[in-house]
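Notes follow the structure.
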Amino acid sequence: MQDGFRQTTFGTAVLLLATIGMGVVLFPFWKAIFWAVVLTILFWPLREKLMNWLNGRKTLTATIIVLMNLLFILFPALLILGIIAEGAVSVLSQVEFDSFPPGKMLETISGKFPRLSDALATLGIDFAAIKSVLGNMFAYIAQFLATHLAQIGQGASTLVFQGFLAFYVLFTFLLFGDRMYESCFAVIPASREHKQKFFTAFSEMAVATIRGMVSVGFVQALLGAIIFFFLGIDNAAFWGAIMGLLSVIPPFGAGFIWGPAGIAMVLSGDTVDGIILLAFGAGVISMSDNVVRPIVVGRASSVPSFLILVTTLGGLAVFGLTGLVLGPVIAAVFLSIWQLLYDEKKKAASSSIDDETLGTFSHKE
């Protein structure tokens, strides 16, 4: 009887080389593929409902879901990036460093808090030296931004390309995802029960993480709108919504809005309100991420809240924005594997005890 292709040495070598080659080819786009997988899992229940309503028209169903994603995810993201870029260019073009130095902030603080100036003077801290350092730092930042605008634009174009690629792959998965799912299950060397557990852990954590991101965005939008309204800043609801959408962008998120706003208020002489905004942004808006995300994600999965927080931060550090989902997903699969090994070990130990007990009774008889 002939051996199967995978059971021969040649077949194993060809399979290994082909798999490695495919991985190398797809590696530059792995983030787009990963997000396509996550979105497929997220929208699969909707896909099933639309299929029933549209009498099984797969192409129309996939088109509707992809258009929904373009309308509510990609286009708003591009709009926000455009608003930020336009605002940054406008500010840089209007600032004159000689007539509006960063040291003006220190002069304002010194005038409103003379005791602070006296206390710093007794410690040997010179305001003039601090003003000089701030001026040089501000000029360096402006020069850095000016010289790296091309790289920033290139990064934005890459992001747009990856986004459209992710939606194209999503369209394919929505069309043939069921067949691809069964094919993968057929070739993975594990029992169907074990494979189902791993997939369930992956899908549950992916969906829970997306829900966590949405919850964080809503909370930060609400907090941002409240503090802007309290401080009398115009269009508080609009800027709150922008902060909510930016909350998913590492590492600053909503800080792209409240940070410059607070600094601008301090520099313009509105020192108290500016400090309040900066303190509230750093201590409440930004920290809400570390509170809301573990709670929401932890309730929807079996992963402990502290591990969700750690793997989210670790995933963010290693993989960037994708790590916000991939980090907790890796943790969920990791725990599932160890839980499976523990259950099998426990089952084997229990079976061994039962065999020994049966042998003892048989010997007595």
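Cβ atoms here come from the backbone N, Cα and C positions, even for glycine.
Taken straight from TrEMBL:
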- 12-44: transmembrane segment (TRANSMEM)
- 64-84: transmembrane segment (TRANSMEM)
- 159-177: transmembrane segment (TRANSMEM)
- 198-231: transmembrane segment (TRANSMEM)
- 237-258: transmembrane segment (TRANSMEM)
- 265-285: transmembrane segment (TRANSMEM)
- 305-338: transmembrane segment (TRANSMEM)
Item to check | For the transmembrane segment (265-285): best-contacting stretch of 12-44, 159-177, 198-231, 237-258, 305-338, by Cβ pairs under 8 Å | outcome: 198-231
Checklist outcome for this item: Across 12-44, 237-258, 305-338, the most C-beta pairs under 8 Å with the transmembrane segment (159-177) come from 12-44
Checklist entry - Apart from its near flanks, which chain residues at least 6 from the ends of the transmembrane segment (305-338) lie with a Cβ under 8 angstroms of it? => result 31, 34-35, 38, 197-198, 201-202, 204-206, 208-210, 213, 248-251, 290, 293-295, 297-298
